[in-house]
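According to Swiss-Prot, the CTP binding site annotation covers G8, R11, R91, R137, R140, on the basis of sequence analysis. What Swiss-Prot records for G8, R11, R91, R137, R140 is ATP binding site, and it gives sequence analysis as the kind of evidence. Positions annotated as Mg(2+) binding site by Swiss-Prot, on the basis of sequence analysis: D21, D23. What Swiss-Prot records for 228-329 is domain 'HD', and it gives sequence analysis as the kind of evidence.
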Amino acid sequence: MKIYLVGGAVRDALLGLSVKDRDWVVVGSTPQEMLDAGYQQVGRDFPVFLHPQTHEEYALARTERKSGSGYTGFTCYAAPDVTLEDDLKRRDLTINALAQDDNGEIIDPYNGLGDLQNRLLRHVSPAFGEDPLRVLRVARFAARYAHLGFRIADETLTLMREMTHAGELEHLTPERVWKETESALTTRNPQVFFQVLRDCGALRVLFPEIDALFGVPAPARWHPEIDTGIHTLMTLSMAAMLSPQVDVRFATLCHDLGKGLTPPELWPRHHGHGPAGVKLVEQLCQRLRVPNEIRDLARLVAEFHDLIHTFPMLNPKTIVKLFDSIDAWRKPQRVEQLALTSEADVRGRTGFESADYPQGRWLREGWEVAQSVPTKAVVEAGFKGVEIREELTRRRIAAVASWKEQRCPKPD
């Protein structure tokens with residue numbers, strides 16, 4: 001029996017990154033030998049065991065053979081005669097097909113070290129094309145390591161295109177698509193994930209609402225980048241700089257979906273695109289089974305981001321109504337989330353990356369003023385039932401009006 005550290009732990013250590021999870025491959029052993037040694041079996045479809053002390057995963061070396069459609073259609077073979085090289089060959093990328101023995105020596109049968117050095121994401125073998133989930137995984141790796149200068153090898157991108165055009169991605173379940181997307185949204189450069197999907201044709205298949213934005217022009221006066229798809233990825237990049245929250249990043253990604261519905265004869269204007277985009281947000285989220293909390297914020301951002309841009313021109317009643325509409329009294333975090341997504345929208349434009357966004361500050365300040373109006377004082381004043389709500393709203397509007405006159409005057 002020989003045990004090797006494999007995959008991401010080896011890769012990230014060589015890149016000088018922190019290692020979170022460690023996976024091990026056991027060569028020359030059987031399930032019974034692992035159980036006799038105190039390991040606990042957890043894999044149903046293939047033999048994976050938990051170490052009795054560390055609880056890290058130890059998998060018997062195995063090979064996989066395509067036996068059906070999609071990413072689950074594989075037959076696994078694990079036996080003592082499966083070599084380390086056999087096991088590493090079934091992995092997706094050469095940089096993930098590295099192993100380290102107990103002496104610290106790196107085993108590299110597929111030139112993963114060379115690709116690490118050259119910052120290349122390259123598939124190990126043609127078997128890559130048998131698993132459609134790998135298209136998303138490579139896009140996610142491209143986003144995760146973009147800041148280190150990694151790019152996808154030409155032949156791997158070609159294979160990803162072939163898989164997409166062959167209809168392989170249609171076998172992916174919504175849950176797996178969302179899981180990979182959610183993980184990509186946590187990376188430093190989530191926009192790279194969607195750009196890679198577009199480069200291989202997968203964006204049109206998995207995210208048609210986003211793909212439809214490319215080639216749709218916006219007024220050059222407001223959008224020097226002109227293309228709405230490019231603007232969308234720029235805003236996502238900016239959102240990633242402003243917030244680590246997946247819901248903020250996803251909402252920013254979806255903020256302009258309504259522009260994809262504008263008839264070409266009305267281009268480059270997109271009047272009413274915000275409310276129009278709400279249905280597309282709902283459609284996308286329902287299809288991918290996006291969690292409700294993330295979906296709800298994306299709907300609100302699509303509907304209200306343009307309104308927040310005009311904050312100095314809003315009257316106090318409209319401002320308080322905005323807080324009502326986003327349910328800020330019960331979910332106050334939404335004020336900050338809308339401020340961040342709206343700022344990402346403004347700064348996600350060519351030449352505006354460092355622009356100030358005072359509307360965000362005013363939105364936050366206006367909220368502090370509105371929510372500081374005490375409910376208790378209204379009740380003590382003798383108001384009852386629906387009168388409490390009406391009087392509370394009236395006092396909030398008055399407080400916001402007083403604040404706005406001093407801090408956020410309406411422009412001439």
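Cβ from N, Cα, C; glycine included.
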Q.
Measuring Cα to Cα, how many Å separate R137 (CTP binding site) from D21 (Mg(2+) binding site)?
A. 17
Q | Distance, D21 (Mg(2+) binding site) to R140 (CTP binding site) (CA atoms, angstrom) | A | 18
(Q) Under a three-state reading of DSSP, tell me whether D23 (Mg(2+) binding site) is helix, strand or coil. (A) strand
Q: Indicate whether R91 (CTP binding site) is helix, strand or coil by DSSP.
A: coil
Q | Shell of the CTP site beyond G8, R11, R91, R137, R140, same chain only (C-beta within 8 angstroms of their C-beta centre) | A | G7, D92, L93, I95, N96, F141
Q: Can you figure out which of G8, R11, R91 (the binding-site residues) comes closest in space to D21 (Mg(2+) binding site), comparing Cα atoms?
A: G8
**Q.** Helix, strand and coil residues within the domain 'HD' (228-329) as assigned by DSSP
**A.** 78 helix, 0 strand, 24 coil
**Q.** Most distant Cα pair in Å, residues G8, R11, R91, R137, R140 binding ATP
**A.** 16
Q) How big is the gap, in Å, between the Cα of R11 (CTP binding site) and that of D23 (Mg(2+) binding site), rounded to a whole number? A) 12
Q. At the level of the C-alpha atoms, what whole-angstrom distance separates R91 (CTP binding site) and D23 (Mg(2+) binding site)?
A. 13
Q. Distance between G8 (CTP binding site) and D23 (Mg(2+) binding site) at the Cα atoms, whole Å?
A. 8
Q. Here are some binding-site residues: D21, D23. Which one has the most Cβ atoms within 10 Å of its Cβ?
A. D23
